[in-house]
Amino acid sequence: MATEDPKTNNGNNPVPAPEQAPAPAPVVVPTLPPYPELIMAAIESLNEQNGSNKSSISRQIEATYGNLPPAHSTLLTHHLNRMKATGQLVLLKNNYMKPDPNAPPRRGRGRPPKPKPALPAGYVPPPPRPRGRPPKSKDPLAPAAPPKRKEAPPPSAGSGRKRGRPPKMPKTGAAAPVAVPTGPPRGRGRPPKVKPPVPSAATTVGA
């Protein structure tokens, strides 16, 4: 009698389905509190007398929570600057600390405004003065002034001659005769100097 191979399927026994590997459990990322709370808690935990700098606050937050977003440094800088601008933190020599509640309020820039005197009850302030110079008051019984005539501008200092070169005027009368050169035409350039005659040798001996 032939033995049955358990791997073969003769139609009577169904082949069991392969076992699937269990799916990995999802990684649970702890939810971080808002960054202002993280910063305040880190400063309170460090409890430094002169405040804590950015690196100390970042290390304290990382040691407390561990898993931080990739942009942790950018977010920390943004919220530190925002909390400093709103007065939640005070920056002193690159150290952040909580403001002292007993400290006097900071004086604003510029000269403080002068105190205004108290106004009596029922006082209505006058309307604001319009811009510009107020018009002169006219006398209703005064005669109407004649219209002003436009005066010619005063002559400018000088001879009164117009600016620029005057146009050429055509010459009147008979034209002067023009001398016509005679002889061979003159060459270009300066003429050569005339050299004195050199005495010959016969004339020198006879003398």
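Cβ atoms are placed via backbone N, Cα and C, with glycine included.
Features reported for this protein in TrEMBL:
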type	residues	note
REGION	1-32	region 'Disordered'
COMPBIAS	15-32	compositional bias 'Pro residues'
DOMAIN	31-100	domain 'H15'
REGION	95-207	region 'Disordered'
COMPBIAS	115-129	compositional bias 'Pro residues'
COMPBIAS	170-181	compositional bias 'Low complexity'
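Here the domain 'H15' (31-100) has a mean pLDDT of 88 out of 100.
Taken residue by residue, the domain 'H15' (31-100) breaks down under DSSP into 39 helix, 7 strand, 24 coil. The residues of the compositional bias 'Pro residues' (115-129), classed with DSSP into helix (H, G, I), strand (E, B) and coil, number 0 helix, 0 strand, 15 coil.
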